[in-house]
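Asker: Feature table excerpt (Swiss-Prot):
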BINDING   Lys149, Gln155, Gly156, Gln218, Arg219, Tyr220, Val221, Lys231, Phe232, Asp233, Thr276, Asn277  ATP binding site
BINDING   Gln155  protein binding site
COMPBIAS  1-10  compositional bias 'Polar residues'
COMPBIAS  186-197  compositional bias 'Polar residues'
COMPBIAS  198-208  compositional bias 'Basic and acidic residues'
DOMAIN    22-402  domain 'TTL'
REGION    1-20  region 'Disordered'
REGION    186-208  region 'Disordered'
Amino acid sequence: MSRQKSQTSKGHGASKGKEREQRTLIRFKTTLMNTLMDVLRHRPGWVEVKDEGEWDFYWCDVSWLRENFDHTYMDEHVRISHFRNHYELTRKNYMVKNLKRFRKQLEREAGKTEAAKCDFFPKTFEMPCEYHLFVEEFRKNPGITWIMKPVARSQGKGIFLFRRLKDIMDWRKGTAGKKVTSVETQATRANVNPSGSHDTRSSDDQKDDIPVENYVAQRYVENPYLIGGRKFDLRVYVLVMSYIPLRAWLYRDGFARFSNTRFTLNSIDDHYVHLTNVAVQKTSPDYHPKKGCKWTLQRFRQYLASKHGPKAVETLFSDMDNIFIKSLQSVQKVIISDKHCFELYGYDILIDQDLKPWLLEVNASPSLTASSQEDYELKTCLLEDTLHVVDMEARLTGKEKRVGGFDLMWNDGPVSREEGPCDLSGMGNFVTNTHLGCINDRKEQLRQLFRSLQVQKKASS
């Protein structure tokens, strides 16, 4: 149950210390009118509460979190869908700042080889505060392409590419609105529900009417891996249940998002070429709503295996595992790890021609609005399995390595794909418990899991 701190105790206040007691009635609340609402309303034993009613589970948006979290009392069993300062990972400038700091820490403590495992994000500068550092770097490498991104906006809004220092000088003076507006206008025409479907509605959103907001200037990956001549990125889902200790799950399914136009560096102003966001692509004249611009990760993995062989694919996906873990570790000491909180992150990964993955950003509010029937089914399963792992019903033992489509990849240390204790001293033959893009037989796994849990419960009673 949740209530404002100023209110008197009532309802399930006596539940303190009994968070593992099984519950048959879960009161939920959410303001997001999309796939999430369908999943919550169809979950057995879950009932919706509105307005100021007391709740056990709240899938909130980050604006509510910012305004109310510090003033809300929560009993032991209550769960909420964001960590208090999630923006340390999900706001672009903070993410880079934390990754840079973590890399330096690794170099001091473990050497350059270990620190090099953090070299998965393009060279990035925060603007305008690192403007002079950026200019110095820009002049060292004339002619390359850079991309400007507002630190706290989504759906391609405010993004533009450039190669001339004059473009950045115009932006710094607050006169680059023409380029920014062209992208914003196209994305706005997508007519997507702003209450629930936008990615990364950050805790520190900037208002659009200020002349120059904080941006990051990032070296543009000029050699992306292309399929059918088109650029794409990957959306991958990571569920964090705790930061101290770090406990993270990786979902087997996700998707590749394609641009609608063949890739070229000759037209850097054409965002249909360079931005893969669905909100941008669906405004393209060539966009087909039924066809969409997505592949499942399983299809993508099979395609790569046929082109490059299983070994190259294993290396690529292992490198992505490294991105997930290192990025979470980079904020482990700064995220407020409240036991009431969990977070479903949407990672955006770009693959280059050398099959090297690059982290573009991490979303605190990945879109849960479906763009097709296939997308609806994926997100429905994702959300159902998220609720299974969050386990409001207190059915799990806490020792599970797989729940539906989620695989436990980190539990205060790496989790092995093999059963039983593992020797981590050399990590030579260690294989992380991840199956991204592999077969997701979640229904059968859940059936067996809950049957086993029922047997264990009967045996112990």
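Placed from the backbone N, Cα and C atoms, the Cβ positions cover glycine too.
Locate each feature and note its surroundings.
Answerer: For Lys149 (ATP binding site), the number of other Cβ atoms no farther than 10 Å from its own Cβ, over all displayed protein chains, is 22.
The average pLDDT the prediction assigns to the domain 'TTL' (22-402) is 84.
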Asker: In DSSP terms, helix, strand or coil for Val221 (ATP binding site)?
Answerer: coil
Asker: For the binding-site residues Val221, Phe232, which one has its C-beta crowded by the most other C-beta atoms within 10 angstroms?
Answerer: Phe232
Asker: CB neighbours of Arg219 (ATP binding site) within 10 A?
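Answerer: Looking across every protein chain shown, the total is 17.
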